[in-house]
């Protein structure tokens, strides 16, 4: 398809995270380290949850799914960014941009829904502990994960075809480090205001539904914790929920800035910095927050390290 003198399916050029940085290799090293730590820490979380029988609970099953999403999420964006930084060839094909766009929306949407549904798990554990095995059975956990993936996929399938059907007959340079919706729409030579309004409403719903579940769940949790007579019970309840609230605040806060705050409050550099936070840093921070603030995970890690050291001693002797 042609629009004027421009091909709809021509390659795009990604200007990168910091297009005018004076120290490109320092930037490459930092992003590479974050990527490696993110992949390694999320894999460790998955392995620990799989190996340790004490972690075979609904909460940790959902945490393992979050780690899988984070691995796929960061792998959708960072490898291409690192290759561009090394090769100084920042082009991305129309098909590659469409694929990246779809995967990003699907995985981000799935994580939104999963974080919302994880708050329901905490609500049941604290407010209805006797009914927890029934209300959070294996079947329910599988339905929660399936619902999260389905919600994310619907987001990707709805928005990607519409975004990519616009004729991009302005500059093909995307002032970003990946094919994010707002940066792409700036290149269109057609009026996108109607679509942006529809996307704004869609994003509000995507954020509002999980956020409503989170708000309702934690309101009930706070009421229950307040009524607890034992200080130890309160401490355990707060410790159980605090990690989840930190992750939710980081992820939802950055997303609300990008997709809810009016464009007049944005600059390209701010957009890229916030996007880097929730696409690159958050997948690394999630497993670190959960492991550092969770005694069960740190205990499982210590046992795993103890077994490894014991096996090495046996091998040496």
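Cβ coordinates are placed from backbone N, Cα and C, and glycine is handled just like the others.
Just so you know, TrEMBL annotations are computer predictions that nobody has curated.
Database features, via TrEMBL:
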| type | residues | note |
| --- | --- | --- |
| TRANSMEM | 25-48 | transmembrane segment |
| DOMAIN | 41-290 | domain 'G-protein coupled receptors family 1 profile' |
| TRANSMEM | 60-82 | transmembrane segment |
| TRANSMEM | 102-120 | transmembrane segment |
| TRANSMEM | 140-159 | transmembrane segment |
| TRANSMEM | 197-216 | transmembrane segment |
| TRANSMEM | 237-261 | transmembrane segment |
| TRANSMEM | 273-292 | transmembrane segment |
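Within the same chain, residues 17-18, 55, 63-64, 67-68, 70-71, 74-75, 78-79, 81-82, 85-86, 280-281, 283-284, 286-288, 290-291, 297, 300-301, 304 sit at least 6 positions outside the transmembrane segment (25-48) and bring their C-beta atoms closer than 8 Å to a C-beta of that stretch. If one looks beyond the transmembrane segment (140-159) by at least 6 residues along the same chain, the residues whose Cβ comes under 8 Å of a Cβ in the stretch are 58, 61-62, 65, 102-103, 105-114, 117, 120-121, 181, 199, 202, 206. Ranked by number of Cβ pairs under 8 Å to the transmembrane segment (60-82), the listed stretches 102-120, 197-216, 237-261, 273-292 are led by 102-120.
Mean per-residue pLDDT, taken over the domain 'G-protein coupled receptors family 1 profile' (41-290), amounts to 85.
Beyond the transmembrane segment (273-292), the same-chain residues lying 6 or more positions past its ends with a Cβ under 8 Å from any Cβ of the stretch are 17, 31, 34-35, 37-38, 41-42, 44-45, 63, 66-67, 70-71, 73-74, 77-78, 104, 176-178, 180, 243, 246-247, 250-251, 254-255, 257-258, 298, 301.
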